[in-house]
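Q: Pasting a structure below so you can have a look.
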Amino acid sequence: MFPNSSNLGRPPFPPKYQQQNTFFTKLPLNIPPTLLSHQQIIVPPFNFRAPPAVTPVVTLQPVAYGSVSPVSRSDAVTSFQGRKRQSQQGVPNDAKRQRIHSRDSDTAVVNPAVPLPEERRCSFPASISVQSPVLRAPCSPALVGCVPPLQDTLFPDPTDARLPVANDKLSQQILELFQACRQQVSDLDRKELCRTELQREIQLIFPQSRLFLVGSSLNGFGTRTSDGDLCLVVKEEPVNQKTEARRILSLVQKLFSTKLCNYIERPQLIRAKVPIVKFRDKVRQVFNVDFDLNVNNMIGIRNTFLLRTYAFIENRVRPLVLVVKKWARFHEINDASRGTLSSYSLALMVLHYLQTLPEPILPSLQKNYPECFDPTMQLHLVHQAPRTIPPYISKNGSSLGDLLIGFFKYYATEFDWSHQIISVREAKAIARPDGVEWRNKFICVEEPFDGTNTARAVHEKQKFDMIRGEFTQAWRLLQEKKDLNCILPLKVAKHKR
């Protein structure tokens with residue numbers, strides 16, 4: 001979830017939608033060639049364009065902002081036509097099917113969240129051939145379509161030698177849970193296909209817009225059931241979330257409910273502080289994953305790549321974040337819409353703990369590399385900036401098990417909840433200022449870019465006491481038994497993914 005979406009409702013969805021296979025007959029011709037790698041063409045494709053006989057009639061006029069000129073649709077659609085599948089004609093169908101459905105398929109390919117070369121990942125929108133003050137500053141490089149935010153040479157395939165060594169029982173349990181539940185290549189590919197198709201449809205009413213896949217799907221901390229967070233950028237400047245953003249999302253919801261009704265399930269406009277359209281893609285059924293689409297949440301895009309960098313500069317970070325999120329969800333303290341902690345706040349809490357150890361495991365990236373995480377940096381440069389940051393070499397050799405126990409101990413006995421703020425930007429606990437954002441708040445977790453409180457959803461003392469009590473109990477049980485099952489039944493956690 002996004003850090004500023006603490007009040008999101010959760011509309012009921014049926015447990016399983018009966019998938020229709022009539023849409024999987026052919027691959028859309030206008031999918032960019034970067035999506036047609038040998039890993040991606042075997043994912044059942046689809047096309048949002050429904051047959052005329054079942055498509056309700058709706059008139060949605062293109063919307064322009066300021067002096068921005070319309071995008072040439074013909075260039076964007078035809079420039080990728082004519083691409084052919086490569087190296088697939090001789091592959092038996094059974095082999096293709098096995099690669100789609102095998103649980104262990106991730107061991108044969110690059111990990112989904114590992115930064116990928118340009119021909120393998122297209123998580124940012126493709127370039128737009130238009131000179132526009134909104135999407136392109138004077139003399140700035142062209143917007144790029146692919147996102148290799150970190151160099152592959154610095155971060156090799158973690159399925160090989162990049163995972164930490166686990167010599168004790170607790171560390172082995174953490175590592176096994178991480179390997180079982182982390183987001184797979186196929187999961188991210190399906191989300192990316194959805195993003196690509198939705199951007200093409202949304203650009204019919206907002207020609208200059210771009211749709212970004214952000215959040216846990218891309219920052220390295222995603223699981224197989226992580227929400228697909230999408231950010232629609234209509235102009236590279238803030239919009240009023242109460243008025244303009246809601247108007248834009250109302251048009252998007254109308255598009256989803258009419259023209260795309262055969263592919264989008266129950267689109268609902270949630271009028272939170274940062275409004276979203278919540279929906280499901282019922283064509284591919286990405287393990288019943290919800291999609292949340294907001295407008296111009298620039299902070300959500302920037303912190304995606306900040307967290308992504310933290311996730312890959314130290315190989316103990318991702319397993320720790322995943323197990324903490326699983327633990328919090330099992331104990332029902334991982335839902336900002338119900339007054340507890342968001343997954344984003346929990347990830348920041350783990351990073352902060354690793355920064356505050358006597359021998360730190362993580363630095364402050366914003367202090368050490370300010371030019372890479374400039375909050376004023378244009379969006380088309382955000383994913384490129386961290387690519388020169390090398391892995392962080394820490395002298396702290398603590399095991400995953402010891403770090404997990406230390407994490408719970410830190411927040412159960414050491415951190416001063418009443419007078420301190422959890423700050424990843426400063427890499428330390430800082431004194432709580434006397435501002436409206438922090439006054440009379442039970443938990444204070446600083447958003448690294450705009451300085452807001454990402455844990456403001458915890459506004460009831462009863463919920464805070466429950467959260468702190470769970471930290472204390474987890475620390476005591478793990479310290480005594482050194483068994484992850486005593487705080488998180490592994491069979492249940494692996495089953496829920």
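Yeah, the Cβs are placed from backbone N, Cα and C, and that goes for glycine too.
Those TrEMBL annotations? Automatic predictions, nothing curated.
Owing to the predicted nature of the structure, the values given are computational and were not obtained by experimental measurement.
Take a look at what TrEMBL says about it:
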- 76-91: compositional bias 'Polar residues' (COMPBIAS)
- 94-106: compositional bias 'Basic and acidic residues' (COMPBIAS)
- 170-311: domain 'Poly(A) RNA polymerase mitochondrial-like central palm' (DOMAIN)
- 399-453: domain 'PAP-associated' (DOMAIN)
- 76-107: region 'Disordered' (REGION)
Q: What are the DSSP helix/strand/coil residue counts across the domain 'PAP-associated' (399-453)?
A: 15 helix, 11 strand, 29 coil
Q: For the domain 'Poly(A) RNA polymerase mitochondrial-like central palm' (170-311), DSSP counts of helix, strand and coil?
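A: Breakdown, helix to coil: 61 helix, 31 strand, 50 coil.
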Q: Mind looking up the mean pLDDT for the domain 'Poly(A) RNA polymerase mitochondrial-like central palm' (170-311) in the predicted model?
A: 91
